[in-house]
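> One structure coming up, written as structure tokens, with questions to follow.
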Amino acid sequence: MEVVIADEYTLAELAADAIERLLRTEAAPVIGLATGSSPLRIYDELTTRHKNEGLSFAHAQAFMLDEYVGIADDHPQRYRNVIDTEIATRVDFAEGAVHGPDGSADDLAAASADYERKIVGAGGIDLQILGIGTDGHVAFNEPGSSLASRTRVKSLTQQTRMDNARFFDGDVEQVPKLCLTQGMGTIMEAKHLVLVATGGNKAEAVHQMIEGPISAMWPATVLQMHQHVTVLLDEAAASRLQLGDYYRHAYENKPEWQNL
Ligand code: GLP
């Protein structure tokens, strides 16, 4: 795991650099998109580069991590709509190139299996953007999730529903109770995981993810078993790390040719 501690603008630039490299070097790049507030600066930065520097997504495909179940198609917080608003329609993805799990399908198990097949059909995800919940969830893999899980239906914890109530007029009752989410096993198959976390409310989850024992109680800890993970943190999110000085030292002294 590489840990980078910087201000949130620098973090967004670093993540955008990694995505730009992929877009400029791969014939058919596949990007994993996350919702939540953490990736928003990255999407702004990519949009700026698309507008000002001609960075093109026309040859890329994208896959979302998760989707609410039981939310109206036109609800602004339906993750499909969030991704369209925050990134998909701001750049030049080809029609049909941005995929998401179908949370409104009648047969959710079939929709989950179909989504897994689509990811494999695209050649797998090259770079997956991730956030982390305050309880260590990734996508919607709540504590107790199998660390080998695949795309499936999950119940949201009350903690996650309360955390996300801010997107639903502050009313936790409006937050759906179910979702479809890529599993931890699905996420672990992406070639490069780029997780961004900011703010002191993420500090404990970040500490557990990087330095705690691997446990389904903190699903993000399974990232310790992935060969290529970049964790982008602001000072507040990094504030509980035991080896913070070492991560800073390692990043400041890494060879210049070594990208994220
Ligand atoms: C939601 C999403 C996750 C996201 C998490 C943290 O539960 N399903 O993908 O990482 O929230 O969100 P935020 O970045 O807003 O803190």
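Backbone N, Cα and C atoms are what each Cβ position is placed from, and that goes for glycine too.
No curator has checked TrEMBL annotations; they are predicted automatically.
Note that the structure is predicted; figures quoted are calculated from it, not measured.
Below, the features straight out of TrEMBL:
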{"type": "DOMAIN", "residues": "10-229", "note": "domain 'Glucosamine/galactosamine-6-phosphate isomerase'"}
{"type": "ACT_SITE", "residues": "D66", "note": "active site, proton acceptor"}
{"type": "ACT_SITE", "residues": "D135", "note": "active site, for ring-opening step"}
{"type": "ACT_SITE", "residues": "H137", "note": "active site, proton acceptor"}
{"type": "ACT_SITE", "residues": "E142", "note": "active site, for ring-opening step"}
> For ligand 1, pick out the active-site residues D66, D135, E142 that have a CB under 6 angstroms away from one of its atoms.
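Only D66 qualify.
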> Cβ-Cβ under 8 Å from D135 (active site, for ring-opening step), same chain, 6 or more residues apart: which ones?
E142, P143, T157, Q159, T160, A205, W218
> If you draw a 10 Å sphere around the Cβ of D66 (active site, proton acceptor), how many other Cβ atoms fall inside it, taking every protein chain shown into account?
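There are 23 of them.
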> Whole-number answer please: how many Å between the C-alpha atoms of D66 (active site, proton acceptor) and H137 (active site, proton acceptor)?
12
> Among the active-site residues listed here, H137, E142, which has the most company in the form of other Cβ atoms within 10 Å of its Cβ?
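The most densely surrounded of these active-site residues is H137.
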